[in-house]
Amino acid sequence: MSVGPILEACRAEGRAALIGYLPVGFPSVEGSIEAMKVLVDNGVDIVEIGVPYSDPVMDGPVIQDAAVRALEAGVHLGDIFSATRAVSDAGAGALVMTYWNPVLRYGVDRFAGDLAAAGGAGLITPDLIPDEAGDWTAAADANDLDKVFLVAPSSTPERLTKVTAACRGFVYATAVMGVTGARASVGEAAADLVARTRAATDLPVCVGVGVSTGDQAAEVGRYADGVIVGSALVRCLTEAPTPQEGLEALGALARELAEGVRRGRA
Amino acid sequence: MTQPSTTSSGVPAYGRFGGFGGRYVPEALIPALEQLEEVWRKAVVDPEFVGELERLQRTYTGRPSIITEVPRFAEHCGGARVILKREDLNHTGSHKINNVLGQALLTKRMGKTRVIAETGAGQHGVATATAAALLGLECVVYMGRKDTERQALNVARMRLLGATVVPVDNGSKTLKDAVNEAFRDWVANVATTHYVLGTVTGPHPFPEMVRDFHRVIGVEARQQVLDLVGRLPDAVLACVGGGSNAIGIFHRFIDDRSVRLIGFEAGGEGVASGRHAARFSAGQPGVLHGAFTYVMQDVDGQTVESHSVSAGLDYPSVGPEHAHLLESGRAEYRPVTDEEAMEAFSLLSRTEGILPAIESAHALAGAMKVGRELGPDAVLLVNLSGRGDKDVHTAAAWFGLIDEDGGTVLPATSEAADGATDDDGATGTGVQL
């Protein structure tokens, strides 16, 4: 089921959606699923379920570290479907974020079929551009799945047109040139990228820009259709002395962020 | 003719060799790749660029590199004639300078002021640091922590040349992780920075562009062999890590259907051991570092760590054009173990007075096998892609000439005298003092 209706409902409420990223398998498969439920219980609208990958070139140290530890703990690609089912059953949108090789190895058609069967909304593909996505586009369309491609500050008007035309669900605006990670200031580049992206498409535009506080979520939520938070959430888990304290910190941050997107346009 | 990639500029589909290649990178890098391709394609038909590159090749690199026939070594290759293409004599000690000078000139043309590079053995890092010094560019080299330790001399060389060397502690702490770190830097700094990718993989246009900068190796060698022998070689042999020296010497021969093209991968401790970098023997098609090619991976598509005594071949993926040459049947690829490579290293050193890079020693070990298969009438052209100065520490440790602390291990005087009675050291069992 597409995340489109969730984003529409948020828009009707006069706010941006809150999209939270966590990798499956950290600290364990069960632990990560529990953490994703905590996100949903505390106001996250869409969970971005990360596939840990050995060579995550788009990710900064926090998410790299979690991915390495998840792989060392024995996470397998098949676990992504358990997490997807759990998030979907909890009532949130379940989008999987994955580098391309794990899907390729699993089989693109098979992956799409299994993802749809688990209640998944679709895929975010950080290292797959529409130009290379023929197989994925066909499989996604056959299984009624969202295709979320990325745009960046370096994207030209021609690329924005091409990439947004290939998206379904929303457009993922990576508003900082660089890897994932929390930033002290979210800056004006994000607003500019959202405006340029809106000139190319009517799809919702969600922004990943290193948001880590409710105030930042409010700021980005004023102009974006969705605020994407990753490293700050992951850090709640990786830096916690115990898993329980990690979940408490995670819930508190999710509540703060959810409150942020709700007052953004107030 | 099923081999479509036979011209210096032509690829069959956009950025593809057969089904391999492509551009599997974050969208943020696409404009930089488009700019690079545009500037490169204009440059290679611009007499000013071509003239400047040729001038640097002649007056700085020392091109054309010579060929050397090695008859004493060839006695151990079934009596076949063995001819080495001496890329080890290039400035900086390997073929890597060919590509780096081209990309450094393109960096200036793009108006960028900073270059970054990954390096395994350090050959590409040294070449990039050298070109950056020559052309006044800031230079940062990413190198796996494990490689900084086994190639300490090259780390010092890069720093003496003014480059910043950043040790990478992620993953396997080798070349693969250095490439990841370089991509991360590039995404963040793409406005000012060019990524001088050091081999024939990565997103289009790198595999094609890097190949064309190395193509001079085969162009020269083909004519040199014709002049020396009066005919084409029966086989052209090269080691294959990412595959730049191999494609450089292979490419001019692709249309010469009588010439076998044979690449040698790092077999490490043996393909059966799992500790190797034999992508074509034990890998599957997949995506790594921007290209669809052969990748060592597990059932979940996670990259498997490679192993080799040679840092430059210790890489779990390979250039996409090699994948295509394999699948089209035009080239063949075989593993060579650490042991076989070190035997060839010793043999060339002791029979010909040439210390090869351990990478290149894999091709020499290949020549010992192929020569025995083809017999004394055969002519083998081997790309000696680099010199072994950087490997002295590794080789000395391998052959027990130094202890764990780097101290010299010397035999008693009488043993040394006994050792000297060995005829020419060409027993293939290693070095004796």
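Just so it is clear, glycine is given a Cβ too, placed from its N, Cα and C backbone atoms.
Remember, predicted model here, so these are calculated numbers, not experimental data.
Pulled from TrEMBL, these are the features on record:
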- A:Glu48: active site, proton acceptor (ACT_SITE)
- A:Asp59: active site, proton acceptor (ACT_SITE)
CB contacts for A:Asp59 (active site, proton acceptor) [other CB atoms within 10 A, all chains]: 25
Using C-alpha atoms only, work out the spacing between A:Glu48 (active site, proton acceptor) and A:Asp59 (active site, proton acceptor) and round it to an integer in Å. 14
Give the number of CB atoms, excluding that of A:Glu48 (active site, proton acceptor) itself, located within 10 Å of its CB. 27
